[in-house]
Amino acid sequence: MIEIRNLNVDYFGNSALENVNIDIPFGYTIGIIGPNGAGKSTFIKSLLEVIKKRSGTVMVEGRDISEYKRKIAYVPQKNDIDLTFPITVKDTVLTGTYPNLKIFQRPGKKERQSVEECMTMVDISDLANKQISNLSGGQLQRVFIARALAQKADVFFLDEPFVGIDLVSEKIIVKLLKQLREEGKTILIVHHDLHEVEEYFDKVIILNKKLIAFGDVKDTFTADNILNAYGASLGNLVIKGMGGAEND
Amino acid sequence: MIDYFSSLLNIPIYALNAGLSAIILGIVSGVLGSFIVLRKMSLMGDALSHAVLPGVALSYILGINILVGASLFGLLAAILIQFITSRSNIKSDTSIGIILSSFFALGIVLITFAKSGLDLTHILFGNILAVPQSELMQSFIIMLVVIAIISLLYKELLISSFDPVVSKAFGLKTGFYHYLLMMLLSVVTVSSLSQVGIVLVIAMLVIPAATSYLWTNKLIHMIILASTIGAVSGIIGVIISFRFNLPTSATIVLVGVSLFAISFIISPKNNFLRKGVKQG
């Protein structure tokens, strides 16, 4: 279980999240939804200590999250990563094994073997020696998913994994996430498209600067809660969603 | 040993020293420069190489090892730049500009106190023809230490350069690796003072690494090629400057930048000829 107590986060001097309290149980696929600027990405970044909290504690299985972070795989939004870095697909996936290696320790045969398997799982083995800026959005996302798999994590944090990717990639990723869920992994996904919520998630966290609601999708993903989170922007957002692939 | 080679090859000792120190500097700055370029810290590197000047002067006045004073001021500059950026809305290029110029100014003032023994022109522009044997040995040891540290921490340096966000997320102390590189940069700056001087150190760090970047798709290849380019432009620069009686450090830099220009035009990765203008 991930216990979040009194989480407050500032973003460039403004309050981004206020007093969030949630107990996230293990073993579910959980969507994090809310309007643009609701603090969804900020929420997972602050849990992982990528950005500073103003106050609050995050405990995993009763201990501070910093002791557990090697077991959490994080897939950030694509624009957080320097795609021009001189690194191939295979070596990018290999960096997923780094959290479980000691300082000075180099990845060995076992790690390289695992990289091959992870690349096969998302069908990118044929791209192994390409530099990462030569890939399409969907291929790139599969590379970062493969990297997360290589970490052999128990918990996965994914930030907008379906934005700007093709249908084939989306299908591969969705199938894989279902498989991970069946293996008992915990998956948290920041998601902005309300249409797939019922299909993709067991539980949903609805955020807008504060926690609006958290619970099983069928109880929590209700018109009241959504209206509460999105307010006046809802009408606009529904129209956007119905317009098809909207990338932001 | 150098005396032996000198007589064997029939080259004057000072020329052999100049050649060797150019090679050593080329290798070490290729290794370190690759990280400077990839971490988008070229401007920071320039600031640090200028910021060691007060350290050099103070070490001389107090009679302590120049490496100690210079590393201290290099690190202090890196910390102050970070401090100004994080405690205000001033952007990092501006805080770099403030610290670079103020440390440099302080260094110039301090050098006038020590003027009997320190030659400002020598420190600013180097004098590769007057590199003493002891300094050559020191540069060599520094090169070995830098290569050893970077090989040992290669995986940490790679991931913190490539993906600092995910590095932090899995608990890597990214700040440590930043300051480690800053310290190595200060030390290398000092060890290259006699060869190229403060003003042109940044060229040795950035130009071979940038050239190599245009040809490679793997970090380790980039580092090896950058070191090779650094060493080759060093030795060619020394030879040309001897033959035509030109200032050595400037000649080395110009050789390096010529290699960059050629690479910029013909490298398939940069694709300049076919594309003309970079798109997207």
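Numbers here mean position along the shown chain, with the first residue as 1.
Placed from the backbone N, Cα and C atoms, the Cβ positions cover glycine too.
Curation does not apply to TrEMBL; its annotations are automatic.
Taken from TrEMBL, the feature transmembrane segment applies to B:12-37 (among others).
Remote same-chain residues near the transmembrane segment (B:57-84) are listed as 44, 47-48, 51, 90, 92, 95-96, 98-100, 103, 107, 110-111, 113-114, 117-118, 138, 178-179, 182-183, 185-187, 189-191 (criterion: CB distance under 8 Å, separation of at least six residues from the stretch ends). Here TrEMBL flags B:57-84 (among others) as transmembrane segment.
Per TrEMBL, transmembrane segment is recorded for B:96-116 (among others).
Sequence annotations record features per position, and here TrEMBL assigns transmembrane segment to B:136-154 (among others). Tertiary proximity for the transmembrane segment (B:136-154) is limited to same-chain residues at least six positions away from its ends with a CB under 8 Å from its CB atoms, namely 2, 17, 20-21, 24-25, 27-28, 31-32, 35, 67, 177, 180, 184, 187-188, 191-192, 195, 220, 223.
Residues annotated as transmembrane segment in TrEMBL: B:175-192 (among others).
The annotation transmembrane segment is assigned in TrEMBL to B:198-215 (among others). Residues of the same chain lying 6 or more positions beyond the ends of the transmembrane segment (B:198-215) and with a Cβ under 8 Å from any Cβ of it are 25-26, 29-30, 32-34, 36-38, 42, 45-46, 49-50, 52-53, 123-126, 185, 188-189, 192, 221-223, 225-227, 229-230, 233, 249-250, 252-253, 256-257, 259-260, 263-264, 267, 269-270.
What TrEMBL records for B:222-242 (among others) is transmembrane segment.
The transmembrane segment feature in TrEMBL is assigned to B:248-266 (among others).
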Report summary line: Within the same chain, the residues 6 or more beyond the ends of the transmembrane segment (B:96-116) and with Cβ under 8 Å of it are 43-44, 46-47, 50-58, 60-61, 73, 77, 80-81, 84, 123
